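Everything below concerns the one structure shown next.
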Amino acid sequence: MMCRASVCSVSIGVWATNIYYSPLLVSITSQNWDSANLNHCFSRVQFMDKTTLGYAAILGMNEEANLTTDQYNWLGTIFYLSYLVFEYPQNLALQRFPVGKWMSINIFVWSVALCSHAACKSFGGLFAARFILGICEGSITAGFMIVSSMFYTRKEQTLRVGYWFLMNGTAQIILAFVAYGSLNITKGKLEPWQWLMIITGLLTLVLSVCFWLFFPDSPTNAWFLTPEERALAVRRIKSNQTGVENKHFKKDQMIEAFLEPKTWLFFIFSIVDNIPNSLTNQGTIIITSFGFTTLQTTLLGCVSGVVEIATIWSGVEISARIPNSRAYVGAIYFLPSLLGVFLVNLLPWSDQVGLLFSVWLGTIQITAFVMSLAWVSATTAGHTKKVTMNAIMLCGYCIGNAVGPFMWQEKYKPRNHVPWIVIGVCYVVSIILLMIIRAYLASENRRRDAESIDSTYDDVYMELIGSNGVMEKVKVEKEFLDLTDVQNREFRYVL
């Protein structure tokens, strides 16, 4: 059973990767710029690796390591605390070093740390392994966002970020089958939860090699593009007015990001929206508490994956087709989750199926956070500022995820009314924050529309040696000057 589960995971990964990559390899002019195709594959494996903790808990890890409820919660929290501490250093490294190579190194270390879980028989060992995973995680989402902004137009970024995020749903489906296969391994000295860690760790190890060999750092060195296509790739994103990449750290751009109100609005949204994300590690435990067996719970994880794929895909498709609708679509997707919160609190404890559907409804809101990541990237110009914004946004993500696990106290079981009420409040506050962000950006657009034309950066030249050996002055277009969205008054915020 172990072999079949592992082969199934790899086969699905290859199949999905081929679907996402084929359009780019067929025609560069089709504007299906899947240069970041390995994003989809690693997004799938990355989320699968993170959620192994929830499955390991019901496969015997907690009993073998003698974990208390608080210790298990700390395993979820320490991942995000180390992520938080190393988030900005990781973002600086992404600016100074080739993005693809730096991510590859982190993915390799990630895979080793994940396999190491299988050797841990105490809280201390698991704590250390989770801490290392958090360090490596700091480079992944930020790296994906940077690469997506270098290859795709602002309109396309919402779709592309959504595509690699909905791979989380695929990960849940694969992991459910791997967990099911691990549960049926009865020979050998290793427990099912240890097999789960080893299988997922080895998959990640293979992927780290693929990233090193194939992942492009920017359109200018993408191996699958000809020199002419690389130039076309750069010209395509001219409309973003965000440039491509700049390895020089600009302190003034960092300070500008810190002083902008929208930075902290996105930051607060990221915190509040991710407190409920503790359901990632608690979901399997909650479903088991409804009366489902461990075997049933592993297979029901497939449904959670399908729900996530359907909701993220529909959300990003709608927001991409309807101009300036990100905030509205995000707010709408919180409503089913609010319904789920009410149902899980009010339905009779004997209504096993109703409670299960309530939990699934509660996860639909992930769509809003996915769109917010693309929104931050699309509303920020200047490479250093973008890196800073990504770091701040993901710091909020870490804080929310680090705080969330401590809601699930032993004294609140089995109904967990208090955690579910907190989750409901977070959903309401998140909706309000989305509307405030939209109103702020809209007012800034109106202010710029009323301004006179700014010609400050219209006549910028650089000296280059021509083919005849003579020094020539070449005009640099404003879109490639690495200006921030504040410096470039022609920049308009998408809503």
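Every residue, even glycine, has its Cβ placed from backbone N, Cα and C.
Here the structure is a predicted model, which means the values were calculated and not measured.
Here's what TrEMBL has on this protein:
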- 127-151: transmembrane segment (TRANSMEM)
- 163-183: transmembrane segment (TRANSMEM)
- 195-215: transmembrane segment (TRANSMEM)
- 328-347: transmembrane segment (TRANSMEM)
- 353-375: transmembrane segment (TRANSMEM)
- 387-408: transmembrane segment (TRANSMEM)
- 420-441: transmembrane segment (TRANSMEM)
Worksheet item: Other than its close neighbours in sequence, what residues sit by the transmembrane segment (387-408), given a CB gap under 8 Å and a spacing of at least six beyond its ends?
Response: 69, 73-74, 76-77, 79-81, 83-84, 87-88, 90-92, 94-95, 138, 141-142, 145-146, 253-254, 257-258, 263, 266-278, 281-282, 369, 372-373, 376-377, 380, 416, 418-419, 422-423
Worksheet item: Hey, which bits of the same chain come close to the transmembrane segment (353-375), Cβ under 8 Å, at least six residues off its ends?
Response: 141, 145, 148, 157-158, 160-162, 165-166, 168, 266, 269-270, 273-274, 276-277, 279, 283, 286-287, 290, 292, 300, 303-304, 307-308, 311-312, 314-316, 319, 326, 329-331, 333-334, 336-337, 339-341, 343-344, 347, 393, 397, 423, 427, 430, 434, 437, 494
Response to the item:
Lying 6 or more residues past either end of the transmembrane segment (420-441) yet within Cβ distance under 8 Å of it, the residues of that chain are 261-262, 265-266, 268-269, 272-273, 275-276, 279, 326-328, 330-331, 334, 337-338, 341-342, 344-345, 362, 365, 368, 372, 375, 379, 407, 493-495
